[in-house]
């Protein structure tokens with residue numbers, strides 16, 4: 001630090017030093033006429049190297065991806081809530097908030113589902129009867 005102070009005075013220079021010892025102790029010095037950020041900004045301007053862009057781009061990408069995933073999660077949660085409500089309604093629960101059109105639609109869906117179940121039952125019974133008949137008379 002002493003040498004950095006001497007450089008500041010003797011050379012009329014703006015100096016900024018950041019040091020970490022082998023034990024991890026942090027030390028810094030910056031000329032009284034400036035601050036470390038100004039030194040870094042000036043270095044970027046003179047060298048043409050953007051010290052922060054990769055870091056900020058990565059952070060921005062991460063944040064953007066996080067928000068996209070958060071929105072997707074919220075969307076999936078809403079779909080899940082809707083499906084659970086629909087299941088409860090098909091079980092005859094959670095009907096209080098439904099208007100007459102919604103109740104008619106639910107009734108129609110249940111009638112159609114009942115027809116499908118009955119048709120499947122008849123086909124299963126028919127094939128079982130046919131199989132038993134075949135085994136019995138063979």
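A Cβ is built for glycine as well, from the same backbone N, Cα and C atoms used for every other residue.
Feature annotations, reproduced from TrEMBL:
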type	residues	note
DOMAIN	1-33	domain 'MADS-box'
DOMAIN	66-138	domain 'K-box'
COILED	66-120	coiled coil
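Here the domain 'K-box' (66-138) is broken down by DSSP into helix, strand and coil counts: 63 helix, 0 strand, 10 coil. In terms of DSSP helix, strand and coil, the domain 'MADS-box' (1-33) has 9 helix, 10 strand, 14 coil.
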